Amino acid sequence: MLRFNLIVAVCENFGIGIRGDLPWRIKSELKYFSRTTKRTSDPTKQNAVVMGRKTYFGVPESKRPLPDRLNIVLSTTLQESDLPKGVLLCPNLETAMKILEEQNEVENIWIVGGSGVYEEAMASPRCHRLYITKIMQKFDCDTFFPAIPDSFREVAPDSDMPLGVQEENGIKFEYKILEKHS
């Protein structure tokens with residue numbers, strides 16, 4: 001069974017967004033997101049990023065689709081003509097996973113939001129890990145990360161993951177990996 005990971009940055013009140021944007025500006029965290037979701041061990045493959053409609057359109061137009069990754073948008077209201085060529089439209093996460101299982105060009109699959117997609121993904125038996133950036137501050141948010149089930153446990157960091165508390169623009173944050181155990 002093909003599995004996936006989630007990647008998210010959350011503040012102390014589990015907020016992840018405000019008015020379709022990120023509530024904070026942390027360049028090094030965005031670079032970490034980009035590097036992590038692009039990294040493959042096989043140079044002939046790429047990774048997929050799976051997101052809901054609001055998350056896709058929340059990415060600045062100049063930066064979407066997210067480069068060097070297969071972008072998959074989950075929506076039952078969009079048409080293929082609403083998205084650029086090369087962006088895959090699927091009605092739900094399981095359909096996207098079945099399509100990805102049929103081809104051999106994708107190495108890693110990353111769930112990148114939003115709230116409803118994260119919730120569905122964490123409940124799935126396909127869910128492997130949650131890469132979470134814990135922002136040690138509260139921000140005004142209107143979109144929140146769902147409660148993390150007890151089946152997730154912290155595991156050792158990846159070799160290229162910055163360790164310990166980081167700080168940028170007066171905002172402290174830390175990278176963690178949680179793995180789902182059955």
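Keep in mind that glycine also has a Cβ here, set from the backbone N, Cα and C atoms.
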Of Arg3, Arg64, Arg69, which does Swiss-Prot put in the substrate site with Glu29, Leu30, Lys31, Tyr32, Phe33, Ser34? Arg69
According to DSSP, which kind of secondary structure is Arg69 (substrate binding site) found in, if we only use helix, strand and coil? strand
How big is the substrate site in terms of the longest C-alpha to C-alpha distance among Glu29, Leu30, Lys31, Tyr32, Phe33, Ser34, Arg69, in angstrom? 18
Cα-Cα separation of Leu30 (substrate binding site) and Ala9 (NADP(+) binding site), in Å? 9
Long-range neighbours only, meaning 6 or more apart in sequence with Cβ under 8 Å: which ones does Phe33 (substrate binding site) have? Ile7, Ala9, Val112
Which has the fewest other CB atoms in a 10 Å radius around its CB: Gly20, Gly114, the listed binding-site residues? Gly20
